[in-house]
C-alpha cells in the first residue's frame, strides 16, 4: 500500500517519497518553555508521535528533531512577573515538558536542540542572508526583507498587499516595511543578550527553527510539522529565510495539526480555557488521553469535554475487555487441524479489518478511520469466541497480533502486553543460560563470558551457584 500525506504546501494529498530511500528526516516545532503544557500542545505531540511510530512500522529509519525555544519574549515577560532568572525558568519548564511527554508515552525525539546553544549558528545564518541581499540592519535589529522573496505566501496563501493594508512601521522601529520580520533583536535593558556583529542582542523567533532543523537534518529534509497556528507567520517565515539562504526547496512535506476546541473556541493560554496535561493525568490514564486524541484525524478540530474523555475511556475499556477475552480463550483453544465455517468467517473478518486499518493509516494517518477497523476486529473476535464450539488458537492469535500491532503504533495496550513481553524475555534469557552452560562444558570460556557480559549490559546479572546458574535484573 502507498502512503499518501496531506501537504499544507500544495493543499493536497501526495504520495510520500522521502529524499533518501528508507530514511525519514523529520522536524517538529517544540514548545516555548515558560509554562505547563496543556492538551492543545499534547494533541500535536501525540499526533506526531503516532506518525513517527507508523513510519517506523513501515520500515523507515526516522531521525526526529524537536527544538526548545528557551529564549523568547514570553519567557522574558514571565521571568519578570515571577522574579526568576529567564534561563532557570526555561530549564524548569523543559524538565516539565519532558516529564509530561514521557507520562503520555510520547517517544523522545532523537535530538532536542536549544536556541541558547545555537547562537553562533544563528549568527552565521543571518550573515549568509545579508550577503545574499535578503536581510538588512535597522536601528533595533536585523530584519528579513520579505518582498525580496518572490514566493512569500506559498504555504499560508497570504498576499503581501493584504499584509500591508492598514499596517505601518511604528516610530522607533528599524524595519523598512511592515511585513519584514526580525532575525536579530538588539538588546534591551535587563534582557538576556549575546555578542553579534550587530551589537549585543538575541535571535528572533523564526530564525531559530530554520537554523536548528537544517543543522541536524540538512538543507533539504522530508517533514516539518507543528500546529495549525504556526502556518502563519512562523512556518511561512521559516520557508522564506531558509529557501532564500539555500537557494532551493527546503522541506518537502508540511504537516499541521488541528486545534483543540473548547465550546467553539481554540484552547489557549491567552483565553484561559485550557487544561494542563498534569491536571488531565490526575483524572485519566495516559492511554485514555491518547485514545481521546486519536479518535479524530490529526488535521481536524478536536472538541474537548469531560464527556468526550469519558467516552474515550469507555471505548478503550471495551478493547481491553476484548484482549482479556482473547487471552482466556487462547488458554483453552485447540490447535487447528481443520477449520469450520465459523473459523473462516472470523479469520476473513480480521483480515478485512486489518486491510482497512492500513488503508486508513496510509491515507494521511487517518487514526479515526483506523480505529473503526480496530472495533470491527473486536466485534468479530468476541462473536467468534461466543459462538464457536471450539475456538482455534490460530484464529485467536491473528486477532491478538493485530491488537499488539495497533498498540505499538498508537501507544496503547502497553500495560497489557508488558507482561507477555516479560515472559518472552525470560524464555530467551533461560535459553542463553543453557547455551552458556554448554559452552562451559566444552571449555569455551571466552564465549561463555561474552554472553555473561552482554547480558549484564542489558541489565541481567548471572550468578553461578555450583551446577546451577540463576539470574536477576540489575540497574545499568
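Counting begins at 1 with the first residue displayed.
Note: Cβ is positioned from N, Cα and C throughout, glycine not excepted.
Here Swiss-Prot flags 29, 209, 234, 238 as Zn(2+) binding site, drawing on similarity to another entry. Here Swiss-Prot flags 269 as ATP binding site, drawing on similarity to another entry. According to Swiss-Prot, the feature motif ''HIGH' region' maps to 31-41. Sequence annotations record features per position, and here Swiss-Prot assigns motif ''KMSKS' region' to 266-270.
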By a 10 Å Cβ neighbour count, the lowest-scoring of the binding-site residues 234, 269 is 269
According to DSSP, folded down to helix, strand and coil, what is residue 238 (Zn(2+) binding site)?
helix
Which residues does residue 209 (Zn(2+) binding site) neighbour through Cβ under 8 Å, counting only same-chain ones at least six apart?
27, 29, 67, 234, 238
Mean pLDDT across the motif ''HIGH' region' (31-41) comes out at 97
Near the Zn(2+) site, what residues other than 29, 209, 234, 238 in the same chain have a C-beta no further than 8 Å from the centroid of the listed C-beta atoms?
205, 206, 208, 210, 224, 226, 230, 235, 237
I need the least crowded one of these binding-site residues (29, 238), counting other C-beta atoms within 10 angstroms of each C-beta.
29
Give the residue counts of the motif ''HIGH' region' (31-41) per reduced DSSP state, in the order helix, strand, coil.
3 helix, 2 strand, 6 coil
Helix, strand and coil counts within the motif ''KMSKS' region' (266-270) (DSSP):
0 helix, 1 strand, 4 coil
